[in-house]
Each structure stands twice: as structure tokens, then as C-alpha cells.
Amino acid sequence: MRTGLWIFSVVAIAAVAVGIPYAMLLKAAGTGTAAVAPIILSSTIALCATLLAVGIGTVGALAAAQFSRTVVLLLDVILLFQLTIPHFVIGAGWKTIMGRTGIHLCSQCNFSGLGPLLFTFTVAFTPLAYFVQRTALRSVSSREVDAARVAGLHGWALFRAVYQPRLVLFAPALAVFIFSAALSDPVTPNVMAPRASLAATRVWFQGDQAGTALALTLPVAGAVVVAGLVYARLLRSNPALVELLHFAGDSSGQPHRAVGAQVRAPQAVLCFLGAVAGLFVLVAAYRGFVHGSETPMGNAVVNTVGLAFLVLLCSLLLSAVALGARRSCGLRWGWLGRRGVDAVFALLALLPGAAIGCGLQIALNHPGVYGPWASLSLVLLACLPSSLAMTYFLMVYIGPLMSRSEYMVSLLQGVGPLRAVASIVLQRSTNVVILGFLMVFSNASVLAVPLLWVSSPDTPLLMLRLFTLLDAANYPAALYISMTVSLFIVSLAGAIVVSINGVGLAAFARKQVAPWR
């Protein structure tokens with residue numbers, strides 16, 4: 001009975017987060033047909049961008065072990081800057097660099113079309129793939145590498161035995177997330193390829209595209225099925241694959257270099273990635289702070305921060321309920337119950353934002369929905385699915401680690417999971433809460449695509465303010481606002497890293513070990 005109540009709570013959370021928009025889409029989809037050609041074109045662009053971003057990010061993460069910690073720290077900061085900038089602003093920045101007012105590749109070039117759009121998506125998502133794969137490689141311990149060497153594994157054999165399982169374990173989920181995000185973005189194609197007929201842009205500009213918005217779920221569902229089959233095959237061939245991530249590695253020992261330590265290709269890829277990101281950051285900072293610094297942005301920043309706090313509060317409360325459901329299902333059905341709850345929240349993060357936004361827009365125009373509270377509720381629902389998923393996984397896999405022993409002792413003493421989270425985990429995980437706020441704030445200002453459907457362009461929120469500036473071709477002002485917000489996020493993230501590790505910048509200056517032999 002108790003497990004049934006917990007399951008009902010998870011179902012209710014999912015129904016509120018995505019059930020409302022999809023119910024509206026299903027109701028309105030019968031009045032129109034889906035545009036197949038734009039969906040195919042959008043899926044192709046998203047798939048190509050996904051493969052390029054994951055591939056480049058993975059090679060960059062492997063090559064990062066070949067450089068000194070000072071160089072890696074500099075690369076991390078540059079890529080983190082780019083990660084916190086909206087994708088359409090990245091496209092506008094590269095238009096400033098490569099367009100008619102920048103580097104002249106040809107007399108008629110204005111850096112627009114499907115090629116520049118693919119380049120923008122690749123550049124925008126590569127830092128995400130880089131940081132995710134860096135996180136995957138942190139679980140490699142020097143003992144495991146030494147044991148593999150004693151067993152006679154060297155070079156690519158050592159890479160396949162030690163490093164490849166970690167990278168492969170993260171890659172499918174990362175690829176599905178990038179694919180869904182690229183497929184759902186209506187603004188970046190409008191900036192970089194205004195003449196191309198892409199699905200998300202078509203749904204955004206035309207009010208009778210509920211069928212197209214609903215059909216956007218099909219490519220994402222196909223990607224989820226493919227990723228699930230890949231995971232099933234991986235776990236069948238190596239049942240202990242998931243357990244690899246439970247080892248944090250040797251914090252005292254130096255990390256081993258990647259397999260490409262004696263070849264130049266991975267190093268060149270990471271250097272090129274850092275050069276591209278560094279060029280963009282320098283140009284964006286110069287154009288923004290020199291030519292757009294007079295642009296007012298106070299209301300947009302304050303409102304976005306307030307929205308992020310509201311979304312974070314809702315996400316924390318709902319994630320705490322989900323943690324209780326996860327524990328109850330785990331006690332009843334083992335790992336299958338826990339992974340079932342994880343799958344629900346993974347789907348919240350992977351559903352296309354264009355479909356959710358279109359459904360919420362239909363709900364906003366419903367005759368029975370009116371008033372400021374209804375509008376605020378829909379704005380919260382626009383940010384909630386992805387933010388809730390991020391907060392949930394942050395609390396499940398990172399939050400309890402800050403106070404693991406006390407948390408487990410409380411559970412053994414009969415304290416409920418909700419009370420244990422509130423009294424122990426949250427109090428001892430201030431940095432995690434701050435990190436959650438940064439993630440939610442970045443989502444509200446960078447990735448919350450449904451906001452574009454439920455808010456008018458003059459709404460004082462960062463994403464909408466940036467779109468208004470780009471629509472008026474005021475690129476310096478958009479770059480100024482983006483760089484200012486990114487500077488705040490990167491500075492706070494750096495303070496969190498230093499406070500967690502308890503080290504200063506001098507600790508990053510030590511050289512790493514010799515290449516693999």
C-alpha cells in the first residue's frame with residue numbers, strides 16, 4: 001500500500017509536468033497534419049550535430065589528461081563560459097566573427113544556412129559532451145590501470161579495458177539529450193538559417209502546428225529506444241558496467257594519461273576546441289562590453305533569478321518525494337524499481353521542449369485559463385520538466401555523497417527518507433544546493449525552450465530579452481548580457497569547486513604523469 005502511494009506520487013509529478021501539455025497537443029492535433037519534411041530535416045541536423053559534439057567532446061576529454069592542470073583549468077573555464085551562453089547567442093557571435101562585418105570568406109557570405117547552423121549546434125553542445133565525459137573518466141583509479149598493465153594490457157588494449165567502458169556508459173544518454181535539445185530549438189535555426197523550413201521554428205511561428213509539435217516526440221522516442229537497446233547490449237555483455245561509476249578514483253594519486261598521449265590527433269582536437277571557444281569568448285566579451293555595455297538588463301536578470309528560485313524550490317520538494325518513491329520501489333523490487341523511477345525523470349529531461357511549449361501555449365489560450373496566477377503557473381511548468389530532472393539526479397547521485405554515512409545511519413534508525421534529506425542532506429550539502437541553483441538558473445536562461453511559447457517577447461526574462469535584441473540585430477547588447485551572466489555563473493561555480501576541494505589555484509599547477517608505455 002505504501003509503495004503504491006509512492007508510485008502514485010511519481011505518476012502525479014510526471015502528469016503535472018508533461019501530462020498537461022501533451023493532453024492539449026492531443027486535443028488540438030486532430031485539427032491539423034504534421035509536416036514530415038521539416039521533421040526529417042530537423043532530425044538530420046540534430047543527429048549530425050549530436051554525433052559531432054559527442055565525438056569531439058569525448059576526444060577532448062581523453063586529451064585533457066595530456067596537459068598540465070593549469071592548461072586544463074584554463075580550457076575548463078573557457079568551455080564553461082561557452083556552456084552558459086544561449087545557443088542562438090553563440091550563433092549571433094559567430095555571425096559577428098564570420099559574417100559580413102567580420103572575417104570575409106567570400107564577398108557574398110553572411111554565415112547563414114544549414115552549414116553554419118550545424119556548426120553552431122556542434123560548437124554549442126561540445127562543451128557539454130566534454131564535461132560529461134570528463135566526469136566519466138574521473139572514476140578511473142590508478143590501481144585499476146596498474147592492474148591492467150600487470151595483466152599485460154597496453155595502448156589500445158588498455159584503453160578498451162579501462163577507459164572505453166566509462167565513455168560508452170555515458171555516451172548514449174548524452175547523445176539523446178543533445179539530440180532532443182537541438183531538435184527543439186526554434187531560435188537558433190531562425191538566426192542561422194532563416195530560409196530553412198525546420199520543425200521547431202515552424203511550430204513556433206505558426207499557430208496550427210500541434211500535429212507537428214506532437215510528431216517531434218517520435219524522433220526523440222526513436223533515439224531513446226536506440227539508446228535503450230545499446231544499454232541493454234552493454235549490460236548483457238558486461239553486467240558490472242554500472243558499478244564502474246561507483247569508484248571515485250584515487251584522489252591522492254595523479255591521473256593516468258589517455259591512450260592518445262603519444263599521438264598528436266587528440267591533442268590537436270582539444271587545442272582546436274579551446275581555440276574556437278576562446279576566440280568566441282574574446283570576441284563576445286569585446287563586442288559586448290565595448291559596444292553594448294549601455295544596455296539595461298536589471299529587470300531581466302532579477303526576474304530570471306526569482307524564477308530560478310521558484311523552480312528550484314518546486315524541484316527540491318518534488319525530488320524529495322521522488323527520492324522516497326525511489327527508496328520504496330528499491331526495497332520492493334531492487335535495482336529494477338530504482339531504475340524505473342530514474343527512467344521517469346530521464347524522460348522528463350529528454351522530451352522535446354518544442355512539444356511541451358506548444359502544448360502549454362494551447363493551454364494558455366484555453367478559455368478557462370486566465371489571470372496572472374495561471375500565467376505564472378504555465379511559466380513554472382515551462383521550466384519544470386528539465387529542471388526537475390536535473391535536480392532529481394543531482395540529489396540522487398551527488399547530494400547524498402556529501403553526507404553518505406549520516407544519511408544511511410538515519411535510514412537504519414528508522415528515519416524516513418524525506419526527513420533524512422531535509423535534516424541531513426540539505427543542511428550538509430549547501431554547495432549542492434548552490435550548484436542546483438546554478439543548473440536551474442542556466443536552464444531558465446539558456447535551455448528553457450518552452451518559455452518562448454508561454455511568454456510574450458517583452459516579458460523581462462533573460463532568454464526573451466536576448467531574443468528581442470537579436471531580432472533587432474543588436475548583437476553587441478545580446479553578447480554583453482550573455483557574457484555578464486556567464487561571468488556570474490562561472491565565478492560562482494569556481495567558488496563552489498574551490499570550497500568543495502579545499503584547494504587553491506596553486507594545486508592545479510602540478511604536472512601530470514608520463515604517457516602510457
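Yeah, the Cβs are placed from backbone N, Cα and C, and that goes for glycine too.
Your range for transmembrane segment, going by TrEMBL and the list 464-486, 487-509, is 487-509. Range with TrEMBL annotation transmembrane segment, chosen from 4-25, 268-289, is 268-289.
Among the listed stretches 268-289, 301-323, 344-364, the one sharing the most Cβ pairs under 8 Å with the transmembrane segment (370-395) is 301-323.
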